[in-house]
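Engineer: Below: one structure in structure tokens.
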Amino acid sequence: MSLSFIFLLLITHHLSPASAQSSSIDDTLHTYIVHVEPPPETASLSSSSYSDNLKKWYKTFLPPSTAASSATESRILYAYKNIVTGFAARFTEQELAGLQEKPGFLHAYPDGMARLQTTHTPYFLGLHRDRPGLWNHSGYGKGVIIGVFDTGILPSHPSFSDDGMPPPPAKWKGVCEFNASDCNNKIIGARNFIKGSSSMSSSATDTAADGPNDVEGHGTHVASTAAAREYSVSFDGQSAYQPSNFSRSPLPLVYPSLLNLSATFCSNSSLDSVDVRGKVVVCDNGNVDLIEKGENVKKAGGAAMIIANYRSDGDTTDAIPHRTFVFKLNSCQL
């Protein structure tokens, strides 16, 4: 009796950790971008056969439990074939560990949410103004197809009229997920790549229903900055592009905060005790609405305003209808 009792205790003792371990396995699906080697024996295949073979190759990296076609479709979000050999798919951590042991696997990168604004893009693209490079030798973008990864685009915006634009280059093989009438010789393609973020955010799922249409405005702003056509828009009677009555002579620069600490943010009436008439006024970002800052500068007689950005914002600008001439600069450069 005593030996049987001791043996039972030993069995229980050894089983407990295993039970605890199995209950702690994370079965949450996460999105990964997976790079793999090209499938074997594809050099002689036609383009269409290669695409079909590539999709079959990608499916071999999925867990056996997803062999059914419906399960496969829900796991593989995007299949890539032009720039990289790989795909975006959803795996649990345990499935990912098994994936990494398969022949042909190279790397898996977890997907994530990124900030919309960045001050480092020109450097990333090699667009340096102070030495030879793409910036100086691109011919101002003539004949270049610009790809913008952002929050979408508003095709009805007048910035994207195609009046006088030639047809897209013959090499263009892109897709327009808008109605055919929304794409033209200016917006030659638009696609929605939001499946990955849809699994992280319910708001992203709602956005997916709008296709590549811009519901935030950021993508339209960026695309129009890169490749828009000029059109006659004005704020408070002044052109948004070429002001006609702004002085061509150097103007005095004044930082009201040095004379009156309460005027740091150019709040209402804070400039009354500072002589800003006919000068460019430097206002710190924050505390006061940006449009209101400009109105206060204009009311006090200032000729223009420089907003000292937060350090994290760098030289980033905003699409805001200011009531005076405004520049936004990195406060570290002032």
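Every residue gets a Cβ built from N, Cα and C, even glycine.
Just so you know, TrEMBL annotations are computer predictions that nobody has curated.
According to TrEMBL:
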type	residues	note
DOMAIN	31-116	domain 'Inhibitor I9'
DOMAIN	141-230	domain 'Peptidase S8/S53'
DOMAIN	252-316	domain 'PA'
REGION	198-219	region 'Disordered'
SIGNAL	1-20	signal peptide
Engineer: According to DSSP, how is the domain 'PA' (252-316) divided among helix, strand and coil residues?
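Structural biologist: Helix/strand/coil tally for the domain 'PA' (252-316): 19 helix, 13 strand, 33 coil.
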Engineer: Which numbers of helix, strand and coil residues does DSSP report for the domain 'Peptidase S8/S53' (141-230)?
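Structural biologist: Helix, strand and coil residues of the domain 'Peptidase S8/S53' (141-230) number 25 helix, 4 strand, 61 coil.
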